[in-house]
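K.L.:
One structure follows; several queries about it will come next.
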């Protein structure tokens, strides 16, 4: 006899917003979503800021969203953890940071601080640099060199001078610190093994061969005059302020997101590095805020927090079968992030990865691979052996990032067509579906003055539970979805899953 499946269906980047202006969610013709919305219990939940472990007002994203959904609790993100440690003083007691400083003091050498200089909050936050400067001052370090990477992607394209001026004011206030080199993130934070870019940043940091300017400000202004924005500022040295990274020095890299900090770190802290010819620095103490990758020999300031009893682990412990299914763009989200940062499959778990289309930008193919995902899921459902399904439709988010209204409307209409077939099939099998989202995006793809808006939103996301006769709580957060799934599956919720089922009892 076929099992009765319970499915979590994530419409990526699909949120509630009153205004119709630039709102693909409202403007799309979506008869299936509307049919379920009008027939079954609904609510809306928060998917941003403090509700998902980010700072107040910070928009959510797919990684954070899926991690909170799978964990069934608020998962404090690196940015929030670090901010909290600075606020409560633990930061200044941190062993790794103090070891880096002790290394400098015992060698009478220099402390170098690497990091993205902005308050974007995606890769780093410049206030963490300020805390490092305060710590160095407190511990009596005399030589502190800041190697600043300019943003222009997660913040305004030309906002670097503001951050430079504020940092220089901090140098003056504390009486330590100076800008030694400046690089656009295009060079210092590449992630696609374009070593010719990294080499330019490396040369500026090591005080080898790079353009030289009297001040950081002067160098940035020269780039602006050449039509470059912050991201693309060619790495330069600040005259008489850079001694290079030398034997016996220490480096602290304060980016907390690994993907764009790993390559530069490998140049300094991977003895087997082969991207280009480097002069190894001897007796270098290298510390990174989080673990960037396995090849880097670094001391880790904030170790990863292990998440136990995620939805997948509970399913395994209750001998339930589960399927994770998505197209390439969101496959890591339904697997690695949904499982709390774990790559291995659980017992009883299987996965279906559908290739995303090979197009330059997804507005050229708004349906992406939604139909193929739907067909693969129907095939899996026909086997009749599934207890739990976690499905992601990528389209509203990936096409929403284009900031183009018509393609985003088409994306949602394609997903709605697929949603109808999938949910009706689950209902035919006497199963249940929770239809929801991980964060906003397609709910606003145009600004008020009709400019493309390519970022996520902080709007709440809808929840439909296809079970008649139940009432849902009026508010909640992403961390309440896993408890709701367990409720539908009649599985006991473990203590460390602190979210609450959205179903009122």
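Cβ from N, Cα, C; glycine included.
According to Swiss-Prot:
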ACT_SITE  62  active site, phosphoserine intermediate
BINDING   12, 62, 438, 439  Mn(2+) 2 binding site
BINDING   123, 153, 154, 185, 191, 257, 258, 259, 260, 330  substrate binding site
BINDING   397, 401, 456  Mn(2+) 1 binding site
K.L.:
Looking only at Cβ atoms, how many others are within 10 Å of the one on residue 191 (substrate binding site)?
P.N.:
11
K.L.:
Check each residue in the chain of residue 258 (substrate binding site) that is at least six apart in sequence and keep those whose C-beta is under 8 Å from its C-beta; list them in sequence order.
P.N.:
290, 291, 292, 293
K.L.:
Determine which residues of the same chain, besides 397, 401, 456, have their CB within 8 A of the center of the CB atoms at the recorded Mn(2+) 1 site, and list them by sequence.
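P.N.:
For the Mn(2+) 1 site, the extra neighbours are 12, 13, 61, 62, 396, 398, 400, 439, 441, 442, 454, 455.
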K.L.:
Can you tell me how many other Cβ atoms are located within 10 Å of the Cβ belonging to residue 397 (Mn(2+) 1 binding site)?
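P.N.:
So the number of other Cβ atoms within 10 Å of residue 397 (Mn(2+) 1 binding site) is 30.
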K.L.:
Other residues with Cβ within 8 Å of the Cβ centroid of 12, 62, 438, 439 at the Mn(2+) 2 site?
P.N.:
10, 13, 47, 60, 61, 65, 66, 330, 333, 397, 437, 441, 456
K.L.:
Using Cα-Cα distances with a 10 Å cut-off, which of the binding-site residues 12, 123, 191, 260 are near residue 397 (Mn(2+) 1 binding site)?
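P.N.:
Candidates kept after distance check: 12.
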K.L.:
Here are the binding-site residues: 12, 154, 438. Which has the lowest count of other Cβ atoms within 10 Å?
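P.N.:
Least crowded of the binding-site residues 12, 154, 438, by Cβ count within 10 Å, is 154.
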K.L.:
Let's check the environment of residue 260 (substrate binding site): how many other CB atoms sit within 10 Å of its CB?
P.N.:
19
